[in-house]
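Undergrad: Sharing a structure with you now.
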């Protein structure tokens, strides 16, 4: 079984999302001894944001692409291939300014491809082409967004839900770490998230 472990936080030491996702992956490896983990660290190897030339290449039939266009889509193709090759996905990320870090948004832009990860029907609807698989999303935020007055400010969770569903993935499991900006609340939030991992059916 193949696991794609996507890491987003640029904080390599002391990141709450990294700590909890690493714990989750360790738990998964205990349950699935043959688990093959592929780590995609977007903070260390950020994907370029899409430009006009690359988008044009996406919508050019593969057999009609120039060498330059083939080169332009190669990285995106690799991201899509990694997605298709995985049976499990663990995504760990902070919430920044109510939403996604731009490196994570870039990943979604690279893997959301007409004809590869979704298709249009004759009626104009869209159908995801990635077979449903289990996704664990470990999300850390400086303030509390899972309850209280700021719930509606959370733009991260709805985007992640819709973006994965867009390509056909609906089995999403969120593990939230609220209040990481304050050492006192962080010291409660991280163990709480780890306990929630222990309670999950994985």
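Each residue, glycine too, has its Cβ placed from N, Cα and C.
Annotated FMN binding site per Swiss-Prot: 9, 15, 16, 17, 95, 96, 97, 98, in sequence order.
Neighbours and distances for these, please.
TA: DSSP assigns residue 98 (FMN binding site) to coil, not to a helix or a strand.
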Undergrad: Using other CB atoms within 10 angstroms as the count, which residue among the binding-site residues 9, 15, 17, 97 scores least?
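TA: Relative to the other binding-site residues in 9, 15, 17, 97, 97 has the fewest Cβ atoms within 10 Å.
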Undergrad: For residue 16 (FMN binding site), just count the other CB atoms lying within 10 A of its CB, please.
TA: 24
